[in-house]
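Notes to accompany the following structure.
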Amino acid sequence: MKIENVKFGSYEDRDVIKYTLTNDNGVSISVLNFAGIWQAYMVPNNEGGQVNLLLGADNIEAYVNPNNAPLYVGRIVGRFGGRIAKGQFDIDGNSYQIPANEGDNSLHGGANGLSQQFYDVTTSQDQEKLQVILTTTIGTAVDQLPGNETVKITYTLDNDNGVTIDFDGQTDAKTLFNPTTHAYWNLSGEAKTIQGHVLTLNSTYHLELDDEKIPTGRKLLNKNTPFDFSHPTVMGTALQEMQEQHVPEGGFDDIFVVLPSNRLAHEPVATLMDAASGRKIKMYSDRNGLVVYTANGQHADGFNRPAGQWFAMAMEGQTLPDTPHHPQFGDISLRPGYPQHYQIHYDYFA
C-alpha cells in the first residue's frame, strides 16, 4: 500500500494537490485538496489496464470551468446538500436568510459552500487501510450560514477495494450540517452513457417536487412508475419512460426515500452495475435520502467521458433535503457541544 501526492494545478493563487491512495490489489482513489474532489476510483480491467469508475478530469481547469460548475463534479457539497426553499430556515425559533444561488433558492450550501473551499490535508495508513483526511472551518463571513463550523472529510480505501467517506461536523453556534459527495459514476470505462447500467434501490417512495425541484412534503409511491428500482432496472429503459412522460429534464433529478444502512447489517441503499463489464458498486448510507441525477442535457467538456446527455450519474446520499420546511424528513441542525457524524460506503465487485 502507498500514498502519493502531486501538484494537480493552481486555482485562486493556491496549489491544488492530488492525493492518491493505492491498496495491495492495485486499486486506487485520488482526492484533491480543493473542494474535496474525488477525482478517481481506479480498478483493474481485463486487458491489464485500469478503469476510472468516476467522471473525472486530469486537470483542475475542467473542474473550475464556469460552464461545468453546475455539475459539481466529484465535489463535497455542503454545509447542506440539495435545495433550501428561498434560502430561508429556522432553528429553535430563530430565522435565518442565506443568499440564493439557483433562482430564488439556495443549492448545495450556497455559492461559497464546502464545494468552493480548500482543505488542510493529512494522511494515514495501517495494514488494512489508507486514509486522506480533509479539514476546514467555514464561517458566516464565507457562506452566510450561522456559526463557525469545523468540517472533517475522511476518505478511506481498504484492502477489500471498498471506499468509505466519513463526514464530521462541529460548530460554535446553531447551524446546518447535511453534506454529501457529488461523485458521478460510469462503470463502463468505454461507453458514452450510463444507459446500459442496471440500478437497484432500497426505496418505496420518492419525493414530490415542484417546478423549482423543491419538495412539497408529499411522498409518492415508486411502484408502477419509472421511479421503481426495487428490482434491477436498466437505466436506458427507465430514462426512456421518463422521456415518454415528458419530464422537462429528460431524465432523473429526483430524491428517493431510502432505508438507511451500513454494510454490516443492512441492504445497500443502491446497487449500480454495468451490464457489459459486470462491474458493480454497492452503496451504503446512514441517511434517509438519495438524490439520483443522470446529468440530463449537460455538456461538460474536459472529462473522461464524451460530453453529452446521460454520460454519468450521481447518487447523493443525504438526509432528505429542505428539512427546515419539512421536519418530518429529519433534522439537519448542528449544535454546539453535539458533533455530528455521517458515513457513506461503497463496495466494489467485478
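Placement of Cβ uses the backbone N, Cα and C atoms for every residue, glycine included.
Feature annotation from TrEMBL assigns beta-D-galactose binding site to HIS182, ALA183, TYR184, ASP253. TrEMBL lists HIS182 with the feature active site, proton donor. Annotation source TrEMBL lists active site, proton acceptor at GLU316.
Cβ neighbours within 10 Å of HIS182 (beta-D-galactose binding site), excluding its own Cβ and spanning all shown chains: 23. Here the recorded positions are ASP253, GLU316, and the one ringed by the most other CB atoms within 10 angstroms is GLU316.
Here the Cα atom of HIS182 (beta-D-galactose binding site) is found 6 Å from that of GLU316 (active site, proton acceptor). Same-chain residues that are not part of HIS182, ALA183, TYR184, ASP253 yet have a Cβ within 8 Å of the Cβ center of the beta-D-galactose site turn out to be LEU55, LEU71, TYR72, VAL73, VAL291, TYR293, ALA295, ALA312, MET313, ALA314, MET315, GLU316. In this structure the C-alpha atoms belonging to ALA183 (beta-D-galactose binding site) and GLU316 (active site, proton acceptor) are separated by 8 Å. DSSP assigns the residue listed as 'active site, proton acceptor' to a strand in the three-state reduction.
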